[in-house]
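Enquirer: If you look up TrEMBL, you'll see 1-116 marked as domain 'RNase III'. TrEMBL lists GLU29, ASN102, GLU105 with the feature Mg(2+) binding site. Annotated active site per TrEMBL: ASP33, GLU105, in sequence order. Feature annotation from TrEMBL assigns domain 'DRBM' to 143-211.
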Amino acid sequence: MNFLVESLRHSSFVNEQSDTQIRDNERLEFLGDAVLNLAIGHIIINRFPELDEGDLSRVRSNLVNELQVAEVARSLDLGSYIQLGKGEFLTNGRNKNSILANTFEAVVAAIYLDGGYDNAFRIIEKIYLPILKLSGKSAAAYDFKSKVQELVQTGQEIKPAYNVVEESGPDHDKIFKVELTINDLQTVGYGKSKKLAEQDAASKAFDILADKSKTSADAQ
């Protein structure tokens, strides 16, 4: 059985085939979801030794949510290889987050079934480590934008301003650069989406503001 071919076969394609023995990728998606969660857990428990169970769960959730996994699939141009039915093809199914994320999970399962967990882990690690390095502390799935807003609003009427100042890279693998301005404070964040770049900038601002708050409290 060719698991890789099966992993790229969407249910809409199978529904249009006369051969009832052809399988779609949904069973592989089910298995791949479990393998991906295990591998990401393995990676982050080593990378973030200071985080407790709750924080690690939030990190993993942030890295395996549909949007992030779809972005990973786009960076691999996975959409070009998915077999779709006519309806999904005409409605740009190759670029739908749900289809991309589910297909990536199915591919993970195919790698696991063909080559074992160690091979699957190595590939997942190779894909995800650059994301972790790029997003840095913001990968910990904290909502740093909200935390910054809370710190800023303590006795002040200031609204943090986020601006995308640069987009680089091809459409399927863009890097966003965002500037965060709060009065005289300015930080810069990077990410594979505007949201991740904003969180990265906010995480840096949070560190600065939290340090100032602590210094002020110690001086009293």
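Here the Cβ of each residue, glycine as well, is placed from N, Cα and C on the backbone.
So where do these features actually land, and what's packed around them?
Expert: Listed in sequence order, ASN25, GLU26, GLU29 are the same-chain residues at least 6 apart in sequence whose CB falls under 8 Å from the CB of ASN102 (Mg(2+) binding site).
Just so you know, the Cβ of ASP33 (active site) picks up 19 other Cβ atoms within 10 Å once every protein chain is counted. DSSP gives ASP33 (active site) a helix state.
For the recorded site, GLU105 (Mg(2+) binding site), the DSSP three-state label reads helix. Counting every protein chain shown, the number of other Cβ atoms lying within 10 Å of the Cβ of GLU105 (Mg(2+) binding site) is 26.
Averaged over the domain 'DRBM' (143-211), the predicted model has a pLDDT of 84.
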Enquirer: Would you mind reading off the Cα separation of GLU105 (Mg(2+) binding site) from ASP33 (active site), to the nearest angstrom?
Expert: 5
Enquirer: So around the Mg(2+) site, GLU29, ASN102, GLU105 aside, which residues have their CB within 8 A of the centroid of those CB atoms?
Expert: ASN25, GLU26, LEU28, PHE30, GLY32, ASP33, ALA101, THR103, PHE104, ALA106, ALA109
